[in-house]
Amino acid sequence: MYKIISCTLVVIFHVSVMAANSPKYSHYDPKTHTLLQCDQCPPGTFVKQDCTTEWNTECAPCPSNHYADQWNNDSECQFCSTVCKEMQYVKQECNSTRDRQCECYAGHFLDVEFCIAHKECPPGFGVLQQGTPESDTVCGECPKGMFSNITSATAPCQKHTNCKNLGLKVAHKGSSTEDNECVESRLCEIDISLCEEALFRFPKTRTNWSDVLIQKLPPTALMLQQIELIKQNYDPKDQPFYLFKLYKSQNKGANLVQDIKECEKGVLKQIGHLPLITKHLTALMQRLPGNPVKKEDIENTLKSCDHPKQILKLLSLWRDKNGRDTIEGLKHLTSNKLPKTLRKAMKKVERFLNSVPMNKLYEKIIRQIIGSQSELGKSDSLL
């Protein structure tokens with residue numbers, strides 16, 4: 001019994017608060033000739049009977065297809081009159097508290113009285129703010145480091161692909177309308193460097209390098225298998241280069257590895273400053289004796305290799321194509337139609353590799369591989 005009484009008190013209090021807080025309207029009571037302050041009716045209802053000195057305002061629900069969206073003192077509800085236009089759909093049907101709501105179909109917005117398609121951002125521009133049923137798309141030019149290569153009403157600008165993070169190289173730098181073009185860095189790998197060629201064709205020794213290097217490699221099953229593959233796949237005169245790769249992989253901390261790198265740095269120093277284009281590199285390949293490297297290989301090299309290594313990669317391709325000594329080929333380089341700076345650089349490379357300091361370096365590396373001066377003398381008779 002106590003619970004029922006408590007509940008009733010709460011309901012009565014709630015109604016009284018609503019009545020106290022409801023908006024008022026003035027009504028002249030013809031019976032008492034007084035101006036009364038009547039409670040308005042809440043949304044979804046209308047005034048069925050004005051208040052009197054004895055009774056509060058009497059409200060009634062809106063009939064079907066009618067609504068009242070605010071507190072009011074109207075004697076009837078408003079008719080649901082909104083009709084959806086072309087390219088609109090009914091988002092919410094009419095009810096007692098609001099009129100029918102219409103909205104433009106997806107991809108459109110209401111401009112005055114018509115639904116218009118959202119603007120599409122062209123390539124080089126991205127969406128800063130997507131369009132809504134009430135507003136159009138906002139486009140903005142792609143900032144540095146970003147791009148958009150499509151026409152779209154929804155796509156923002158994207159960041160250029162970070163080739164380095166993927167272990168790749170930038171073949172073509174992106175712009176506001178295109179992404180960076182990445183290529184595998186291994187495409188620029190050089191099997192045999194000019195320094196290694198100079199070392200194994202060093203004129204002061206007649207060493208049979210294949211035999212020497214095989215003796216220096218550990219006779220494991222895997223190593224013997226790799227040696228056999230080199231013998232099967234490469235010409236005898238090129239086998240020392242690939243055996244030397246195996247040797248270096250087993251002696252990464254050896255001084256000779258650093259000596260080879262120092263030699264390669266010296267080569268890069270001779271050519272690293274050259275501003276080269278496809279035309280110049282094509283001319284260089286055509287002036288070397290033998291079969292020239294194809295233009296498409298030159299273009300791929302320009303894409304996949306960093307600037308200083310482009311010439312070295314092309315010289316490596318020329319050597320593979322012709323099976324000839326690259327350093328000897330540089331001696332026979334015909335200089336006509338070559339840019340002066342490129343011609344001088346190639347001559348500097350050839351002189352650098354045949355210089356006295358380099359010859360001493362080759363002797364030092366040979367001693368490191370073979371072990372001693374006496375063994376060097378023995379190795380000269382291996383051929």
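Cβ coordinates come from backbone N, Cα and C, glycine included.
Nobody curates TrEMBL annotations by hand; they come from automatic prediction.
The disulfide bond annotation in TrEMBL covers C62-C77 (among others). Remark: C77 (disulfide bond) has T45, F46, C62, P63, H66, Y67, A68, S96 as non-local neighbours, by Cβ distance under 8 Å and separation of at least 6 in sequence.
Within 10 Å of the C-beta atom of C102 (disulfide bond) sit 18 other C-beta atoms, taking all shown protein chains into account. Secondary structure at C102 (disulfide bond), as computed by DSSP, is strand. If you look up TrEMBL, you'll see C84-C102 (among others) marked as disulfide bond.
Feature annotation from TrEMBL assigns domain 'TNFR-Cys' to 61-102.
Sequence annotations record features per position, and here TrEMBL assigns repeat 'TNFR-Cys' to 61-102.
Taken from TrEMBL, the feature signal peptide covers 1-19.
Between the disulfide-bonded residues C62, C84, the minimum number of other C-beta atoms within 10 Å of a residue's C-beta occurs at C84.
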